[in-house]
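Enquirer: I'd like to ask you about the structure that follows.
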Amino acid sequence: TCAAQINTDVELICPGLYCGKSIIKSRNDSQTQYGDCGVCPRGERADDAKFCRKCEDSPELYDWLYLGFMAMLPLVLHWFFIEWYSGKKSSSALFQHVTALLECTVAAIVTLLVNDPMGQLKIRSCRVKMLSDWYTMLYNPSPDYINTMHCTQEAVFPLYTIIFIYYAFCLVFMMLLRPLLVKKIACGLGKSDRFKSIYAALYFFPILTVLQAVGGGLLYYAFPYIILVLSLVTLAVYMSASEIQTYKDLITRKKRLVVLFSHWMLHAYGIISISRLDKLDQDLPLLALVPTPALFYLLTAKYTEPSRILTEGGNGH
């Protein structure tokens, strides 16, 4: 009897990291039927005993921060290209910024509503345990070294596919709202210029989709550091291009203050993502470092003379 029990336990164990047996039905408390080893249904993941279990966890703070980062990418790119193509004299830039924010916000809300559980502004998920969870296709086992068992699944449900759904809704809402509104309200722009920000979105959305498909797992672990590096670089470039060297130069225009506060919010977002606020008494004081890059730039600008660098660069020296 013991030998038979051991053989039964061995047969239940599936090979590979992500292959599992689905629970077909339970006749009573003492007898349960299982399917063959293979891929678990969407929304389920193989546990340590290689049985497919439904994902019932709620996303952690870090998971929400990751989703927020991926949601901000198209919004930031929208704002960048709107500012780039609107020009300084255009009165439609602010309106287009608000429209882009509305599009991404509505897309995020609809994405949460259509995901399981449907109709609620929350999602159920599987815990991310390691980097391989994002690339299950690379871990299909070959027990006999000839035939491969295909157990590719979304082990990080729904952190991988929810980004694609969000990008699709962003694109749909943009195509439904922006062209009509921009055509009527975009003042000071030519007929070809007013739609260039929309054309740019048709390029960067496929790029973002490929980026998520290939590097989703890498972005999940690296996005806090990406935020900090990019926010520091873009802040330095903006302040040097705007020839901001003193505090008075910074406060003379409201737009410069908006850009500064936006970068400070990104700094804080990156710091919170890295620390995950596991220990509030140690992590919250780190937010005091948020204004440090801007203060350092203003204190050292007179020594670097960014206006001189820009002038020499424009003259070809």
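For all residues, glycine too, the Cβ spot is worked out from N, Cα and C.
In case it's useful when we look at the structure, here is the feature table from TrEMBL:
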type	residues	note
TRANSMEM	64-82	transmembrane segment
TRANSMEM	94-114	transmembrane segment
TRANSMEM	157-177	transmembrane segment
TRANSMEM	198-219	transmembrane segment
TRANSMEM	225-244	transmembrane segment
TRANSMEM	256-272	transmembrane segment
TRANSMEM	284-301	transmembrane segment
Enquirer: With an 8 Å cut-off on Cβ pairs and a sequence gap of 6 or more, do the transmembrane segment (225-244) and the transmembrane segment (284-301) reach 3 or more such pairs?
Expert: yes
Enquirer: Mark yes when the transmembrane segment (256-272) and the transmembrane segment (157-177) have three or more Cβ pairs under 8 Å (sequence separation 6 or more) and no when they do not.
Expert: no
Enquirer: Any residues 6+ beyond the ends of the transmembrane segment (94-114) with a Cβ under 8 Å from its own?
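Expert: Residues packing against the transmembrane segment (94-114) from afar: 71, 74-75, 78-79, 82-83, 86, 120-123, 162, 165-166, 169-170, 172-174, 177-178, 181-182, 185-186, 197.
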